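Student: Okay, here's the structure, questions in a sec.
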Amino acid sequence: MNTKPVLVILGPTASGKTELAFRIARQTGGEIISADSRQIYRGMDIGTAKPPRWMLDEVKHHFIDKKEIGEPFSAGDFAEQAAEKIRELHQRGITPVVAGGSTLYLEGLLKGFAELPPADPEIRAQLTRELERHGAEALYRRLEALDPEQAKTLDPTKTQRLIRSLEIIEISGTTVTALQSKTPGPPTGINFTVIGLDLPRELLYERINQRTSAMIQAGLEAEARYLFDKFRDEWRSKNLNALATVGYRELFEHFEELHDLDTAVSLIAQHTRNYAKRQLTFFRNRLDVEWVKAPLDEAEIEALVEFFSTRQDDSVPHSPIAIAKKQNA
């Protein structure tokens, strides 16, 4: 059994995961497994910051452009299929590099999913009525009181997960956070080394603002307009969760004349910053991550390349960068 560590690079949006994973995969002859729940959809390119075509051509990426918008693909599907892909790459002697920031994709792959109670139609219907009557903020405040750690990881506007969290609490009599602590563990035969890219908040926010501007300049408005025209009915009926992605939903609201373009762009940057905060909260509270100061310098990148090119045992080092540097000294 191949127990060579599998490198996982995670971090908040705009932290540099794509570029670092590409460099390591290219220099190790590896392939990238994208842990991004939006890049998996075809047609959502600029707004999800997909790697440019030259990167995709130079290094094989998996789980990008795999599905049409609207095709079902759950975090459980990703965890199962990503584990299968890692085993396949190991059998072929290829180094897999997992990179992404989708919290549930990463949790499912790294820890497995806790056993949660099935949906209760009556409780869900009651919560839905409360949502319609009192709004999402009231339900979010309730979740904050009952399970503050879970609330910190949720976008208050994503009502599906909000209702599910409250439903689980109502059914089980305990919190989602407590239930999620009882996970089955990583896939059999796969050993992960997880590093998180830790940027100073000011730098991270600056990068988010710059990327938002770059997306607009690259044609995000036209991309969103095409999707809005194609999925207008689904957007209005809230039947496609993918369409609620930051960067698209603000422009869709602009197309509905709820605000002007400048406001939409400002909201994209603001909502992306909020999303980055929720990602960091989730990673720090729910996953075992070795955080490294980013951006990494050349010596640190080369140390990672060397470490994952040569290491064959099944130990998970506390600091792969530090150990690799020591070995190469």
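Note that Cβ sites are derived from N, Cα and C of the backbone, with glycine treated the same way.
Annotations per Swiss-Prot:
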- Gly11, Pro12, Thr13, Ala14, Ser15, Gly16, Lys17, Thr18: ATP binding site (BINDING)
- Thr13, Ala14, Ser15, Gly16, Lys17, Thr18: substrate binding site (BINDING)
- 36-39: region 'Interaction with substrate tRNA' (REGION)
- Ser102: site 'Interaction with substrate tRNA' (SITE)
- Arg124: site 'Interaction with substrate tRNA' (SITE)
- 160-164: region 'Interaction with substrate tRNA' (REGION)
Student: Give the number of CB atoms, excluding that of Ala14 (ATP binding site) itself, located within 10 Å of its CB.
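Tutor: Here the count is 25.
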Student: Quick one: pull the CA-CA distance for Ala14 (ATP binding site) versus Ser102 (site 'Interaction with substrate tRNA'), whole Å only.
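Tutor: For Ala14 (ATP binding site) versus Ser102 (site 'Interaction with substrate tRNA'), the Cα atoms are 13 Å apart.
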Student: Enumerate the residues of the same chain, Thr13, Ala14, Ser15, Gly16, Lys17, Thr18 excluded, that satisfy the criterion Cβ within 8 A of the mean position of the Cβ atoms of the recorded substrate site; list them in sequence order.
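Tutor: Sorted by sequence, the hits are Gly11, Pro12, Glu19, Ala49, Gly101, Leu197, Arg207.
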Student: Considering every residue in the region 'Interaction with substrate tRNA' (36-39), what is the mean pLDDT value?
Tutor: 98
Student: Whose Cβ lies within 8 Å of the mean position of the Cβ atoms of Gly11, Pro12, Thr13, Ala14, Ser15, Gly16, Lys17, Thr18, the ATP site, other than those residues?
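Tutor: Neighbours within 8 Å of the Cβ centroid, excluding Gly11, Pro12, Thr13, Ala14, Ser15, Gly16, Lys17, Thr18: Gly101, Leu197.
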Student: Which is it, of Thr18, Ser102: the one of these recorded positions whose Cβ has the most other Cβ atoms within 10 Å?
Tutor: Thr18
Student: Rounded to the nearest Å, what's the C-alpha distance separating Gly11 (ATP binding site) and Arg124 (site 'Interaction with substrate tRNA')? Just drop the number here, would you?
Tutor: 33
Student: Suppose we draw a 10 Å sphere around the Cβ of Gly11 (ATP binding site). How many other Cβ atoms does it contain, all chains included?
Tutor: 26
Student: List, in sequence order, the same-chain residues at least six positions removed whose CB sits under 8 Å from that of Ser15 (ATP binding site)?
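Tutor: Non-local contacts for Ser15 (ATP binding site): Gly101, Leu197, Leu199, Leu204, Arg207, Ala276, Ala294.
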Student: Could you measure between Pro12 (ATP binding site) and Ser102 (site 'Interaction with substrate tRNA') for me? Cα positions, answer in whole angstrom.
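Tutor: Between the Cα atoms of Pro12 (ATP binding site) and Ser102 (site 'Interaction with substrate tRNA'), the distance comes to 9 Å.
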Student: Find, for the listed recorded positions Lys17, Arg124, the residue with the lowest Cβ contact count at a 10 Å cut-off, counting only other Cβ atoms.
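Tutor: Each of the recorded positions Lys17, Arg124 was scored by Cβ atoms within 10 Å; lowest is Arg124.
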